[in-house]
Amino acid sequence: MALIVEFICELPNGVHARPASHVETLCNTFSSQIEWHNLRTDRKGNAKSALALIGTDTLAGDNCQLLISGADEQEAHQRLSQWLRDEFPHCDAPLAEVKSDELEPLPVSLTNLNPQIIRARTVCSGSAGGILTPISSLDLNALGNLPAAKGVDAEQSALENGLTLVLKNIEFRLLDSDGATSAILEAHRSLAGDTSLREHLLAGVSAGLSCAEAIVASANHFCEEFSRSSSSYLQERALDVRDVCFQLLQQIYGEQRFPAPGKLTQPAICMADELTPSQFLELDKNHLKGLLLKSGGTTSHTVILARSFNIPTLVGVDIDALTPWQQQTIYIDGNAGAIVVEPGEAVARYYQQEARVQDALREQQRVWLTQQARTADGIRIEIAANIAHSVEAQAAFGNGAEGVGLFRTEMLYMDRTSAPGESELYNIFCQALESANGRSIIVRTMDIGGDKPVDYLNIPAEANPFLGYRAVRIYEEYASLFTTQLRSILRASAHGSLKIMIPMISSMEEILWVKEKLAEAKQQLRNEHIPFDEKIQLGIMLEVPSVMFIIDQCCEEIDFFSIGSNDLTQYLLAVDRDNAKVTRHYNSLNPAFLRALDYAVQAVHRQGKWIGLCGELGAKGSVLPLLVGLGLDELSMSAPSIPAAKARMAQLDSRECRKLLNQAMACRTSLEVEHLLAQFRMTQQDAPLVTAECITLESDWRSKEEVLKGMTDNLLLAGRCRYPRKLEADLWAREAVFSTGLGFSFAIPHSKSEHIEQSTISVARLQAPVRWGDDEAQFIIMLTLNKHAAGDQHMRIFSRLARRIMHEEFRNALVNAASADAIASLLQHELEL
């Protein structure tokens, strides 16, 4: 008669691959037959087989037995009883959670390929491959053998003619440009016509220098002035001076005498110490695949242009370290801040797959570029863009923006030695309106001071700048600055739909003062016979909690509100979001914050006014159902987020979203809200676990890395996962614990992850087997279940799969299935889904 060991499974994740291997290893040290019996399921399995153990569907809390019979049953009984009591409960540690505080590492599917990497700082994301092509930086001092002077009169005449030609050439290029290109050419036109530059050039030739010598001397003079500035913005303008001066050399002496460096004839990743905007514009964009710069910041005109053309760009690059790979194929990875040199075939295939996925995503999103945002039940909610400069407007509207919900004008005041004048601001707003083509732009007046210091205003540093002297609170002291901005906005309003929005309003006194100044600015323009929109709308940021309690009074004086969710969160919850010690308290899913939002939206709508939201919260897809439930009139977000937001909104029913919001406001903790949202995502679409679009047949993937990357990419394209690399990392974490190869050329990679939107069983049938741990696999069934899924669904499905795969008939049916639909149907039937 068999000896019996009775025990309860205390493993939090049940018996999966790792603990099963421990049981299997220990049981195989005995000759006796040992059977595992799960009393809950009444399933039995050979304890010397990990696959059979998994098939018993043993979960946490299950009552189980080991039945032992054979020559050494006494010894086995004693040893296994002790092990099950003392060691078994501790043989499966939970997987460590990945923290996102630090820079995320490279994807595991890439690092496993052992690529040779050089890191740099990303200023424009994306990835591409091409020939590493050096571009000579524009060093006027290295030109050498400058032409000699032919007399003062001749040089002055040549200089005057050259300056005229430069201006005409820039104006000609402006006729065929728009967006960022237009704005930067305008900056160059301003430089070429600059009085100080002209005077310095003329002084040089009057002193006997040739035009070339005077141009180089003038460039050095102004570049030295800029380089002494503590402002990175001004330092980067030195490149524009050299650019315009080189254009002047070319106009006077010809391009043969001073040829522009860099002509592209093949797909290229260009590298340079620095690149002028004109050099960038001259590069053939059909061949330019990436840009590597030794110097250049986020405000560099070249970097701004690269962004507008969606060229992956890295700065801070060690150019000398790249010299050995000139004229060789490399890859730029702007998503990871990496340059990959000497790529082997596997690395090349990795980036080819990246390119295919990005092309597919762009094709998916194309339909949303021109469609208005609506919920599934037809409720209209405008999706607008946040921008900080007119150069961003064209790309935003091209990405599907229905308006600009936030034009942050403070960026126009920062990193310079003096405030922009009325004409400069007017031109910037007009450029943005040109791209808008009749669509609305909400201009937020300068939110400077406090945490956004401007040197020339001499606002002293503060202990708590978020609560200090900033935004509307500085306007009275700097009234002329505020009036200048109001005048520029009003003048531009004659050319399109502009609205004015005031930041940091906390009282009626501030609103009334602003309206007084706005009325004065309007009267000035009337007296000067300058046209503007007499009915221009005035709104305020709803970011200081006190405003929520005077909404009725505010509505008597203003036209609209826009919720600044970032600041409102920190003010309402008393959290400095830049203080790492209290960051965990900064959570816009706090039920108190959600209640505050709902109160504000309903109060505004009762007064018949418009209210939008322009904080970071608007771009979070997971929170979108709550924002729809609030009944907001508009959501404003970063431009790249717009197509996906429209697509997600089209799947939401506003009535269901309202019910969800009510449930969220009834929660007691942020964690409960997160769990509620996760459950809503899983049930909203009622998406089946198995679907043909997540099944690929005869895949050409040649390694485990390609399989996991490809299958998670498919989940992204199917709309079931927004962060495929994070989901992939969770799968690799499981693989690091124990390989999920099951034998029979089958593997079942699996994970419970917060990065899967809809729990999914994916399938890949490969053309040829790939190495999977110590075995090979050709048929992959990937199980990805949402971390917040209720119950033990993950282990139940895994257990059923393991049991079925032990049967040859089931394996053959999967391997020989004629279509993805046939595989989906078979899995649904066999797994009782």
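Note that Cβ sites are derived from N, Cα and C of the backbone, with glycine treated the same way.
Residues annotated as phosphohistidine in Swiss-Prot, with a curator's inference given as evidence: H16, H301, H750. Under the heading region 'PTS EI', Swiss-Prot lists 143-653. Residues or ranges marked as phosphoenolpyruvate binding site in Swiss-Prot (evidence: similarity to another entry): R408, R444, N566, D567, R577. The annotation Mg(2+) binding site is assigned in Swiss-Prot to E543, D567. The feature domain 'PTS EIIA type-2' is assigned by Swiss-Prot to 688-830.
According to its DSSP assignment, R408 (phosphoenolpyruvate binding site) is in a strand. Cα spacing between E543 (Mg(2+) binding site) and H750 (phosphohistidine): 43 Å, rounded to the nearest whole number. Secondary structure from DSSP puts E543 (Mg(2+) binding site) in coil. Annotation for the binding-site residues E543, D567: lowest Cβ count within 10 Å of the residue's own Cβ, D567. Secondary structure of the domain 'PTS EIIA type-2' (688-830) per DSSP, as helix, strand and coil residue counts: 63 helix, 39 strand, 41 coil.
Taking the Cβ of R444 (phosphoenolpyruvate binding site) as centre and 10 Å as the limit, one finds 24 other Cβ atoms among all the protein chains shown. Of all Cβ atoms in the shown protein chains, 24 besides its own fall within 10 Å of the Cβ of H750 (phosphohistidine). Summary: among the recorded positions (H301, R408), the fewest other C-beta atoms within 10 A of the C-beta are counted at R408. Ranked by CA distance from H301 (phosphohistidine), the binding-site residues R408, R444, N566, D567 have R408 at the top as the closest. In the three-state DSSP classification, R444 (phosphoenolpyruvate binding site) falls within a strand. According to its DSSP assignment, N566 (phosphoenolpyruvate binding site) is helical. The average pLDDT the prediction assigns to the region 'PTS EI' (143-653) is 89.
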